[in-house]
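Residues or ranges marked as substrate binding site by Swiss-Prot on the basis of sequence analysis: Arg71, Ser72, Gly73, Asn84, Leu88, Ile89, Asp90, Met98.
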Amino acid sequence: MKTPIELKILDSRIGSEFPLPAYATPGSAGMDLRAMIDTTMTIAPGETQLIPTGIAIHVADPGLAAVILPRSGLGHKHGIVLGNLVGLIDSDYQGPLMVSCWNRSDTPFTLEIGDRLAQLVFVPVVQAQFKLVDEFDSSDRGEGGFGHSGTK
């Protein structure tokens, strides 16, 4: 079953020249977001640019959120990652979806109009309520932190 999410088209090229975000396969977790820029753009090494996607969403359900994640090929092959690492879209946000692109490579990266540059994934949300305690019940891990469980 698919959950309906409200989507507003902010750039008229979405739905005409470029498709609406959609799952590529039945097993896809994310939908591609596109660079809805006005002209070809070059992102210099070390530079971060905020890229419009041409859409806005309203998740509405407080039990859901959306996350904007990088596309693995862009990061691995070209050093293009998200400037904020993960974009979190709260259920009550209704503004435009923007992607912060950071070129962490040492070569300029050219972004063309409509290029797929990130993916949108919907995730369940649990709002926690803290319970103050003086001590925790013991666990196998205890206070073991970074590197505690090893690599093998």
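Backbone N, Cα and C atoms are what each Cβ position is placed from, and that goes for glycine too.
Recorded features from Swiss-Prot, shown on the structure.
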residue	record	DSSP (3 states)
Arg71	substrate binding site	coil
Asn84	substrate binding site	coil
Ile89	substrate binding site	strand
Met98	substrate binding site	strand
* To do: Return the maximum Cα to Cα distance in Å (whole number) over the record's substrate-binding residues: Arg71, Ser72, Gly73, Asn84, Leu88, Ile89, Asp90, Met98.
  => 26
* Structure fact -> Checking the binding-site residues Leu88, Ile89, Met98 for other Cβ atoms within 10 Å of each Cβ, the smallest tally belongs to Leu88
* The one of Ser72, Asn84 whose CB sees the fewest other CB atoms within 10 Å, among these binding-site residues -> Ser72
* **Other C-beta atoms that fall within 10 angstroms of the C-beta of Gly73 (substrate binding site)** => 10
* Structure fact -> Of the binding-site residues listed (Arg71, Asp90), the greatest number of other CB atoms within 10 A surrounds the CB of Arg71
